[in-house]
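The heme b binding site feature in Swiss-Prot is assigned to 45, 65, 94, 97. The feature O2 binding site is assigned by Swiss-Prot to 62. Residues or ranges marked as domain 'Globin' by Swiss-Prot on the basis of sequence analysis: 2-147. Positions annotated as phosphoserine by Swiss-Prot, on the basis of similarity to another entry: 45.
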């Protein structure tokens with residue numbers, strides 16, 4: 001069974017909830033990543049020289065890009081059943097930063113935790129699954145571009 005219209009709608013509506021507090025959820029997202037993988041701090045240019053996760057335009061822009069790409073992946077999965085990267089350099093950037101498979105798991109967990117925080121009592125298993133499938137599609141496309 002492919003990605004459904006309901007799943008796409010769930011991702012889109014929760015994406016809007018995320019964007020309503022982009023500064024707060026961006027900090028939450030990167031704080032969650034660094035709690036699970038402190039060594040990943042150096043992979044992010046906007047974090048590597050800071051004492052901790054602090055709000056900045058670069059942090060917000062990167063978080064919005066990550067979550068936006070997952071949202072776009074949901075749209076692509078619904079329309080075509082596959083994710084095609086809009087930025088051909090994503091594979092080489094991830095290689096350059098030293099990204100390996102476990103990092104994708106950490107980011108996925110942080111993404112889900114952030115969306116759960118953003119939607120509050122609207123969180124459901126179906127919402128979680130929708131984001132997981134969309135993220136997995138994006139991660140797969142990035143990994144393919146890395147090989």
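Cβ atoms here come from the backbone N, Cα and C positions, even for glycine.
Residues listed for heme b, 45, 65, 94, 97, cover a largest CA to CA span of 17 Å. Mean per-residue pLDDT, taken over the domain 'Globin' (2-147), amounts to 91.
By neighbour count, meaning other C-beta atoms within 10 Å, the densest spot among the binding-site residues 62, 65, 97 is 62. When the domain 'Globin' (2-147) is classified with DSSP, helix, strand and coil residues number 112 helix, 0 strand, 34 coil.
The distance from the Cα of residue 62 (O2 binding site) to the Cα of residue 45 (heme b binding site) comes to 10 Å. When other Cβ atoms within 10 Å of the Cβ of residue 94 (heme b binding site) are tallied across all protein chains shown, the result is 19.
Non-local neighbourhood of residue 45 (heme b binding site): 58, each in the same chain, at least six residues away, with C-beta under 8 Å from its C-beta.
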